[in-house]
Amino acid sequence: MANLRKTHPLLKIANDALVDLPTPSNISAWWNFGSLLGLCLISQILTGLFLAMHYTSDISTAFSSVAHICRDVNYGWLIRNLHANGASFFFICLYLHIARGLYYGSYLYKETWNIGVVLFLLVMMTAFVGYVLPWGQMSFWGATVITNLLSAVPYVGNSLVQWIWGGFSVDNATLTRFFAFHFLFPFVVAGATMLHLLFLHETGSNNPVGLNSDADKIPFHPYFSYKDLLGFIIMLTALTMLALFYPNLLGDPDNFTPANPMVTPPHIKPEWYFLFAYAILRSIPNKLGGVLALLSSILVLMVVPILHTSKQRGLTFRPASQLLFWILVADMLVLTWIGGMPVEHPYIIIGQVASVLYFSLFLVLNPLVGWLENKVMNW
């Protein structure tokens, strides 16, 4: 008789995704980040749910409700620290997952890649509205600055901003709707993740050499289920250590001050995982131009498959393109550093050079070097 796990309509879906999935035998630890992102999403939804049970989305009580969670709710401090630092781990895994895709040419699975970019944007939106909820100084001013960027949209900009605010400034209506969005979006992300996996399983996973691996596939379980489990243990250990020993390491001290529309903090900046995009935004001395650059810094990922010129898929055997990849990594780190610095000399020019290099790498240098490597192979 056939196994229930292979015949039951529901179990069959789980089986095809997690048990009997044919997987390339040579995928490395860089392929662990997809499942780690799934774990991040689940842990964020769970900790977020417990926080939402005690949080109030009203400007008069939001800040004190977060303090109440940390002081008076059983293990509330732990749940809050896991949730806040879980966001950082979410983005660390995201950036490493995207970097893996860029390095090994996984972006040639176009549907999977584009849904991934949409997922990235959704997670960024979720993190942004979530950062506003504690209603500290940086929450309030971050919300003010970032929502204000929409006023750069020609003709409808100002109406758009006031529509999102629900008034003429960031106020109670804004906080209430941001809480609603922050509760909703993770479930949208979970739905989009299902699509991401659906399209991935149409083609199967890529692998480090970028060749067809049909001749050498192994079942996902037990091999990769245990490999993923090891990744889970490492990440959860790191997250727990950060949440218990250094819970405020990545936060902004300004957010321990309740929001005050009358006092502007000396340096308004987002959480560390948005600093690279913030640096690109600030490097253009024009509002609309900055907003377009900010959007393009993420959407440029969508044109990567179109601009792939090499005959080889990944960078495993392409040293010149590898050099460009690591320059991109260094450039991202420089942009992250600049995003947290004040707008003054020499940071302005460093940010502008790094921003130009960022787009040049994606749009000009990588396609050019891929084309040159083809020439060298023929020669």
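Note that the numbers count up from 1, one per residue, in the order the chain is shown.
A Cβ is built for glycine as well, from the same backbone N, Cα and C atoms used for every other residue.
Per Swiss-Prot, the feature transmembrane segment maps to 33-53 (among others).
Annotation source Swiss-Prot lists transmembrane segment at 77-98 (among others), citing similarity to another entry.
DSSP classifies His83 (heme b b562 binding site) as helix under the three-state reduction. Annotation source Swiss-Prot lists heme b b562 binding site at His83, His182.
In three-state terms derived from DSSP, His97 (heme b b566 binding site) belongs to a helical segment. If you look up Swiss-Prot, you'll see His97, His196 marked as heme b b566 binding site, on the strength of similarity to another entry.
With a threshold of 8 Å between CB atoms, the same-chain residues lying at least 6 positions outside the transmembrane segment (113-133) that come near it are 55, 57, 62, 66, 87, 90-91, 94, 98, 101, 106-107, 139-140, 142-143, 146, 174-175, 178-179, 181-182, 185-186, 188-189, 192-193, 195-196, 199, 270-271, 273-274, 298-299, 301-302, 304-305. Residues or ranges marked as transmembrane segment in Swiss-Prot: 113-133 (among others).
If you look up Swiss-Prot, you'll see 178-198 (among others) marked as transmembrane segment, on the strength of similarity to another entry. Non-local neighbours of the transmembrane segment (178-198) in the same chain are 17, 37-38, 41, 44-45, 48, 52, 55, 57, 112, 115-116, 118-119, 122-123, 125-126, 129-130, 132-133, 143; each lies 6+ residues outside the stretch with a CB under 8 Å from one of its CB atoms.
Around the Cβ of His201 (ubiquinone binding site), the number of neighbouring Cβ atoms within 10 Å comes to 14. What Swiss-Prot records for His201 is ubiquinone binding site, and it gives similarity to another entry as the kind of evidence.
Long-range contacts of the transmembrane segment (226-246) within the same chain: residues 29, 32-33, 35-36, 39-40, 43, 78, 81-82, 84-86, 88-89, 93, each at least 6 residues beyond the stretch ends and with a Cβ under 8 Å from a Cβ of the stretch. Taken from Swiss-Prot, the feature transmembrane segment covers 226-246 (among others).
What Swiss-Prot records for 288-308 (among others) is transmembrane segment, and it gives similarity to another entry as the kind of evidence.
Residues or ranges marked as transmembrane segment by Swiss-Prot on the basis of similarity to another entry: 320-340 (among others).
Feature annotation from Swiss-Prot assigns transmembrane segment to 347-367 (among others); the stated evidence is similarity to another entry. Tertiary neighbourhood of the transmembrane segment (347-367): same-chain residues 279-280, 282-284, 293, 296-297, 300, 303-304, 307-309, 321, 324, 327-328, 331-332, 334-335, 338-339, 341, selected by CB-CB distance under 8 Å and a gap of 6+ residues from either end.
Sequence-distant contacts of the transmembrane segment (288-308) (same chain, six or more residues past either end, CB-CB distance under 8 Å): 98, 102, 105, 107-108, 110, 113-114, 117, 120-121, 124, 149-150, 152-154, 276-278, 280-282, 355, 358-359, 362-363, 366-367, 370. When Cα-Cα distances from His182 (heme b b562 binding site) are compared across the binding-site residues His97, His196, His201, the shortest belongs to His196.
Counting only the Cα atoms, the space from His196 (heme b b566 binding site) to His83 (heme b b562 binding site) is about 24 angstrom. The Cβ of His182 (heme b b562 binding site) has 22 neighbouring Cβ atoms from other residues within 10 Å, across all protein chains displayed.
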